[in-house]
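**Q** Can you read through this structure? Questions will come right after.
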């Protein structure tokens, strides 16, 4: 009930200012992870405002990918994200923001700051640092109850190929702060995501995505499996 009230409040915030808001976007995505033999679905609603604010809410559902003691995550989760764009000039933008993640395990907060550079009209770069702090404790490798907090660095490249296609690459490095390990048996892990969007109409954009997720696969009690993610989705301007 408490979570529902929070999400209702965020939705009200996102859609209560039509005079200054841009078009909202609905993103529907499905995916499959080869190492974990897992399926995912995601629904995401986002909206930006002309005064610099941006907000989103998304819901993720998995099958049994996390049905393993070595994987500290939940099968279903909801997250809310808010950021504010500060224009430094015509090319550079700083975006401080906050991501709040709700799951059956508890709540995670992810304050971040992102720096974006519009090199040209068609080519854009970005870097972001985020600190994921968990409001709940989990057993660490020493058997103690601690917080599995994470430092996260992201890099972004977006290239507008032509009026029909856009290509994007996101690279991510995770580093655990305390005595925990990823499924690759290390304190750090990497991810690389490659996305190709097709602008079918001004309001409808289907896309495909391939991610290499390091050796983070978990399946039937085994971990350290090579993990590939294949996704397909479509976004709609509402």
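Heads up, the Cβ atoms here are built off N, Cα and C, so glycines get one too.
The model shown is predicted, which means the values in this text are computed figures rather than measured ones.
Just lifted these from Swiss-Prot, have a look:
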SIGNAL    1-23  signal peptide
TOPO_DOM  33-39  topological domain 'Extracellular'
TOPO_DOM  62-76  topological domain 'Extracellular'
TOPO_DOM  87-91  topological domain 'Periplasmic'
TOPO_DOM  103-107  topological domain 'Extracellular'
TOPO_DOM  118-122  topological domain 'Periplasmic'
TOPO_DOM  133-151  topological domain 'Extracellular'
TOPO_DOM  160-164  topological domain 'Periplasmic'
TOPO_DOM  174-190  topological domain 'Extracellular'
TOPO_DOM  213-228  topological domain 'Extracellular'
TRANSMEM  26-32  transmembrane segment
TRANSMEM  40-49  transmembrane segment
TRANSMEM  53-61  transmembrane segment
TRANSMEM  77-86  transmembrane segment
TRANSMEM  92-102  transmembrane segment
TRANSMEM  108-117  transmembrane segment
TRANSMEM  123-132  transmembrane segment
TRANSMEM  152-159  transmembrane segment
TRANSMEM  165-173  transmembrane segment
TRANSMEM  191-200  transmembrane segment
TRANSMEM  204-212  transmembrane segment
TRANSMEM  229-236  transmembrane segment
**Q** How many helix, strand and coil residues does the topological domain 'Periplasmic' (87-91) contain under DSSP?
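**A** Per DSSP, the residues of the topological domain 'Periplasmic' (87-91) fall into 0 helix, 1 strand, 4 coil.
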**Q** Considering only Cβ pairs within less than 8 angstroms, which of the stretches 40-49, 108-117, 229-236 has the most against the transmembrane segment (152-159)?
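**A** Comparing 40-49, 108-117, 229-236 against the transmembrane segment (152-159), the winner is 108-117.
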